[in-house]
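Feature annotations, reproduced from Swiss-Prot:
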- 1-29: signal peptide (SIGNAL)
- 41-97: domain '4Fe-4S Mo/W bis-MGD-type' (DOMAIN)
- C48, C51, C55, C83: [4Fe-4S] cluster binding site (BINDING)
- K85, Q152, N177, C181, 214-221, 245-249, 264-266, M375, Q379, N485, 511-512, K534, D561, 721-730, N805, K822: Mo-bis(molybdopterin guanine dinucleotide) binding site (BINDING)
- W797: substrate binding site (BINDING)
Amino acid sequence: MKISRRDFIKQTAITATASVAGVTLPAGAANFVTDSEVTKLKWSKAPCRFCGTGCGVTVAVKDNKVVATQGDPQAEVNKGLNCVKGYFLSKIMYGQDRLTRPLMRMKNGKYDKNGDFAPVTWDQAFDEMERQFKRVLKEKGPTAVGMFGSGQWTVWEGYAAAKLYKAGFRSNNIDPNARHCMASAAAGFMRTFGMDEPMGCYDDFEAADAFVLWGSNMAEMHPILWTRVTDRRLSHPKTRVVVLSTFTHRCFDLADIGIIFKPQTDLAMLNYIANYIIRNNKVNKDFVNKHTVFKEGVTDIGYGLRPDHPLQKAAKNASDPGAAKVITFDEFAKFVSKYDADYVSKLSAVPKAKLDQLAELYADPNIKVMSLWTMGFNQHTRGTWANNMVYNLHLLTGKIATPGNSPFSLTGQPSACGTAREVGTFSHRLPADMVVTNPKHREEAERIWKLPPGTIPDKPGYDAVLQNRMLKDGKLNAYWVQVNNNMQAAANLMEEGLPGYRNPANFIVVSDAYPTVTALAADLVLPSAMWVEKEGAYGNAERRTQFWHQLVDAPGEARSDLWQLVEFAKRFKVEEVWPPELIAKKPEYKGKTLYDVLYRNGQVDKFPLKDVNAEYHNAEAKAFGFYLQKGLFEEYATFGRGHGHDLAPFDAYHEARGLRWPVVNGKETRWRYREGSDPYVKAGTGFQFYGNPDGKAVIFALPYEPPAESPDKEYPYWLVTGRVLEHWHSGSMTRRVPELYRSFPNAVVFMHPEDAKALGLRRGVEVEVVSRRGRMRSRIETRGRDAPPRGLVFVPWFDASQLINKVTLDATCPISLQTDFKKCAVKIVKV
């Protein structure tokens with residue numbers, strides 16, 4: 001039998017993907033392996049600790065230690081598969097440098113910011129924290145305290161943190177590291193649909209006819225979902241895969257259409273497709289007339305830089321970047337008509353034929369399209385626009401909220417959706433899509449939390465980028481970091497990150513399991529419990545909430561972030577944090593601590609210890625004398641029930657392999673906004689985008705605008721940063737797994753061979769990557785998995801010995817306030 005080279009690549013793609021993903025045993029064998037009678041191990045379910053896919057795993061415990069993990073064959077998400085990172089979950093908690101005692105900078109037996117780290121007791125640690133926070137609150141008020149949290153917080157950790165800051169300290173200066181990864185997606189959902197998170201689910205992978213990847217390397221970042229794309233492509237020959245990126249990566253092995261485009265010009269291509277749909281009379285007029293409205297957004301909105309930056313000073317609409325006016329369909333058609341094939345092809349460097357092939361997939365009414373994106377769209381100075389504009393394509397054609405027709409924002413962290421977004425740990429949000437700027441939303445939160453009216457501030461707090469700037473400027477002085485490594489992850493860290501941590505006026509606390517770059521820059525380091533060392537809940541990218549029990553104890557004196565938050569609340573009486581006029585509205589709170597008001601309020605503490613499953617430990621329940629996790633969850637769930645964010649009762653999640661909200665009458669929802677699938681859609685409406693008052697989604701007219709920084713003669717290369725399969729985020733867990741470390745020990749500079757040759761460089765040569773902000777040393781790689789075009793270099797950011805974010809620019813999308821890590825100008829200098 002003859003087989004072409006292309007067919008050979010197609011057929012081997014699934015094998016290669018399975019190889020890098022790490023396919024586990026067939027279900028029957030897997031069940032045998034996890035049979036406690038055979039293995040003499042106790043096996044329990046849990047979601048994976050890594051990305052937002054939400055794979056289910058089974059965890060084996062022996063002698064109070066995790067000794068094995070494998071893909072859960074009963075999990076709908078991954079059906080028994082694991083990626084290579086998931087295979088080594090059992091090792092992430094057992095690095096040799098695991099933190100087991102609090103560490104504080106000391107000199108002569110006392111705290112000193114310029115001292116060396118020394119072990120202290122928890123009482124000593126909290127004593128100093130208490131002193132510093134009370135000092136700052138007294139001197140400057142609640143705007144001078146803050147917290148940087150995480151999409152890796154469990155649901156109840158994020159909820160407890162939001163309560164402590166927004167209600168207890170009365171400060172909205174709490175933000176998650178999801179600001180770096182999912183803020184543009186969230187803002188895009190809210191602007192278009194009035195509600196956050198995808199309307200579809202992973203079932204769409206088995207129903208789509210075409211997959212279009214906009215800036216997403218799923219083969220490495222979401223490998224289990226990529227196996228589903230691969231399976232669909234190879235099982236159904238008419239299925240098409242389109243991969244758009246600024247450089248070639250592993251997804252291109254499966255692509256029917258591979259498109260390399262100039263950075264930022266995805267905006268122009270999106271408008272071209274909308275124009276193509278209209279010009280070729282492929283608009284679903286019935287759907288558009290019934291279910292959409294058109295708006296034109298303001299332009300020239302700046303780049304989220306400091307106010308004195310020339311680009312910010314020149315921007316005409318930086319003060320209100322999200323403003324928009326209603327327009328007609330004809331006005332929208334005229335707006336996108338400027339984006340014709342000649343203009344867009346020249347701007348993007350994409351051949352016209354490929355643009356038309358891509359556009360036809362969206363335009364053809366018989367092709368079900370799944371659009372998929374991650375950081376390529378979200379880490380973008382116009383990231384919110386990019387999200388809005390891809391929804392335009394699905395709304396114009398009516399290809400939305402039905403099986404296989406799905407604009408799908410993939411998530412990078414295990415609970416960026418479930419905790420950062422749904423719980424509302426962003427500086428402007430409250431639970432269930434409510435916001436601090438809305439008086440009715442604040443009133444509802446205060447009612448549920450039993451707070452006096454006016455407790456929650458009405459202005460958004462400092463977002464992630466602004467927190468670093470305010471630390472540097474001395475306006476944010478008491479700061480707590482949990483479950484993230486922002487000194488490695490934040491852009492422009494030498495100019496805007498590290499100075500704030502070392503500012504003598506500031507006291508920085510970092511809770512972590514390992515001595516990360518961020519921990520080493522702190523004043524106090526608190527040892528945290530990890531993953532199954534505590535009871536937890538995550539919410540994944542398809543709205544699936546998943547629970548797990550505590551399976552082992554944390555080592556030494558390590559404590560969960562939840563325990564740390566709630567225990568610290570005992571240190572503050574309301575008189576020390578609230579003004580007298582506020583307490584006068586609730587005089588019964590006089591003399592009580594924030595712990596009493598927030599966590600022993602008759603709601604959070606109403607579930608007794610006997611409700612805890614006797615088969616499992618629960619360190620927090622034991623410490624506080626009630627089922628803390630259940631109480632927090634049930635109080636939190638009150639926000640969403642009856643409002644389109646319905647969560648099932650707490651105990652149901654310990655039985656199920658996750659449930660996709662809204663969960664109404666015990667039934668999960670796979671497709672939102674569609675009649676017959678979503679219980680909130682009224683009979684006879686067909687579709688209802690009920691997040692907006694009129695029940696309609698918004699189609700936005702938005703232009704192409706250039707990036708904040710582009711290559712020039714002095715800095716001739718684009719720099720793109722990102723991740724690799726073997727490591728997750730900053731590598732603080734994966735680099736401590738020997739097998740993963742050996743597979744990709746250090747970051748490299750992926751570069752086109754001709755660019756390297758022109759500079760007199762060869763593979764393996766040491767170079768410096770230099771920008772206007774800083775420099776970083778690495779080695780050139782001209783082969784391998786990633787192949788940049790000429791004029792662009794790609795550098796992963798997992799390597800703590802190569803801090804590429806010394807170089808990046810802290811420009812953001814002015815609407816979402818998410819950083820653009822994908823576009824800045826650099827030069828490459830031989831060492």
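In case you wondered, yes, glycine gets a Cβ from its N, Cα and C as well.
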For the domain '4Fe-4S Mo/W bis-MGD-type' (41-97), the averaged pLDDT of the predicted model is 97
Residues lining the [4Fe-4S] cluster site besides C48, C51, C55, C83 (CB within 8 A of their CB center) are F50, T53, G54, N78, N82, K85, G86, P223, I224
Least Cβ-packed of the binding-site residues C48, C51, C55, M375, V724 (other Cβ atoms within 10 Å) is V724
For C48 ([4Fe-4S] cluster binding site) and T248 (Mo-bis(molybdopterin guanine dinucleotide) binding site), the CA-to-CA distance in whole Å is 28
For K534 (Mo-bis(molybdopterin guanine dinucleotide) binding site) and W797 (substrate binding site), the CA-to-CA distance in whole Å is 29
Taking only the CA atoms, the spacing between C55 ([4Fe-4S] cluster binding site) and M375 (Mo-bis(molybdopterin guanine dinucleotide) binding site), expressed in whole angstrom, is 20
Across the domain '4Fe-4S Mo/W bis-MGD-type' (41-97), DSSP labelling yields 7 helix, 20 strand, 30 coil
W797 (substrate binding site) to V724 (Mo-bis(molybdopterin guanine dinucleotide) binding site), Cα to Cα, whole Å, comes out at 9
For C83 ([4Fe-4S] cluster binding site), the spatially nearest of the binding-site residues G215, E220, M375, H729, using Cα atoms, is E220
For H729 (Mo-bis(molybdopterin guanine dinucleotide) binding site), the number of neighbouring Cβ atoms whose distance to its own Cβ is within 10 Å equals 23
